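Student: Pasting in a structure now, in structure tokens, and then I'll have a few things to ask.
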Amino acid sequence: MLPAAGLLWWVGALGALYAAVRGALGLLGALRVWGIGAGRAALGPGLGAWAVVTGATDGIGKAYAKELAKRGMKVALISRSKEKLDQVAGEITEQYGVETKVIVADFGEREDIYDRIRAGLEGLEIGVLVNNVGISYSYPEYFIDVPDLDKTIDKMININIMSVCKMTRLVLPGMLERSKGVILNISSAAGMYPTPLLTLYSASKAFVDYFSRGLHAEYKSKGIIVQSVMPYYVATKMSKISKPSFDKPTPETYVRAAIGTVGLQSQTNGCLPHAFMGWVFSILPTSTVMNLLMKTNKQIRARFLKKKMKEK
């Protein structure tokens, strides 16, 4: 029998070895993705002539649509504003010379919109699906105090969860027939841990992450890549960030980096600064992360409510 001191030494040594091995593997993985890798999946017409992007008129969705068009893919844009859809479609055709198609659909509605989307996509050889459409809270809030809570619950489920499942249901069979295709599901870093004061949003994005990773495991042997994309803050209308920075990139910068991870990571934070933040959070105890998130969101909530009071 080892004396207590000897046992503690071996426990410490094994713990240090585990940490060193984990750190080395993490470093190798990071080099593979951010240093050497350029994305195994050649996102372009070789996967199929068309890319389909939901929530395509702003932010990350618009950036994906333009990046895929730049790679030679025709793009089907789906969003609720016909005016914005036509504007983005015009920009894409003018800049990249590819065919576009617009489908007007409000994902906050019930399931009947999917018959219209199905009809709009009929006959298209779809190689890439970007499930980007999503909504969040207007500001962090305690669940029961969320404004118009019942409506918010319905919309959050319909837009953040139902759309991902239904769009995948429409597009995946055609990909399976050709044994190739890529589905990019835009989740959020808020789905990596329960996020107090954004609880419903966080839970909906955790669903997207689990759905994506499970689907990838089911269909990767059949030539289908499914990726969960989990950004931190990006300078978009939804995030209310107008000035980009190193850790809060423009949608275009973020998407260029994220596309490079396709085929290398089934779950990605998308760009190097966000990957670093994800790594830092991953080594912290869950309780610590949740306490930090609670503190941060309480501060954001207080600032929002104070500003709202001044405007009255």
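Placed from the backbone N, Cα and C atoms, the Cβ positions cover glycine too.
Keep in mind it's a predicted model, so treat the numbers as computed, not measured.
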Student: Given 1-21, 274-294, which one carries Swiss-Prot's transmembrane segment label?
Tutor: 274-294
Student: In this structure, which of the binding-site residues Ala56, Ala76 has the fewest other Cβ atoms within 10 Å of its Cβ?
Tutor: Ala76
Student: Validating a neighbour-count step here. Other CB atoms within 10 A of the CB of Ile60 (NADP(+) binding site): how many?
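Tutor: Summing over all protein chains shown, Ile60 (NADP(+) binding site) has 27 other Cβ atoms within 10 Å.
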Student: Does DSSP put Val52 (NADP(+) binding site) in a helix, in a strand, or in coil?
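Tutor: Strand, per DSSP.
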Student: Among the binding-site residues Gly48, Gly72, which residue has its Cβ surrounded by the fewest other Cβ atoms within 10 Å?
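Tutor: Per-residue Cβ counts within 10 Å for the binding-site residues Gly48, Gly72 bottom out at Gly72.
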Student: Hey, of Val52, Ile60, Ser188, which of those binding-site residues are within 10 Å of Tyr201 (active site, proton acceptor), Cα to Cα?
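Tutor: Within 10 Å of Tyr201 (active site, proton acceptor): Ser188.
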Student: In the structure shown, with every protein chain counted, which of the recorded positions Tyr64, Tyr201 has the densest set of Cβ atoms within 10 angstroms of its Cβ?
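Tutor: Highest number of other Cβ atoms within 10 Å: Tyr64.
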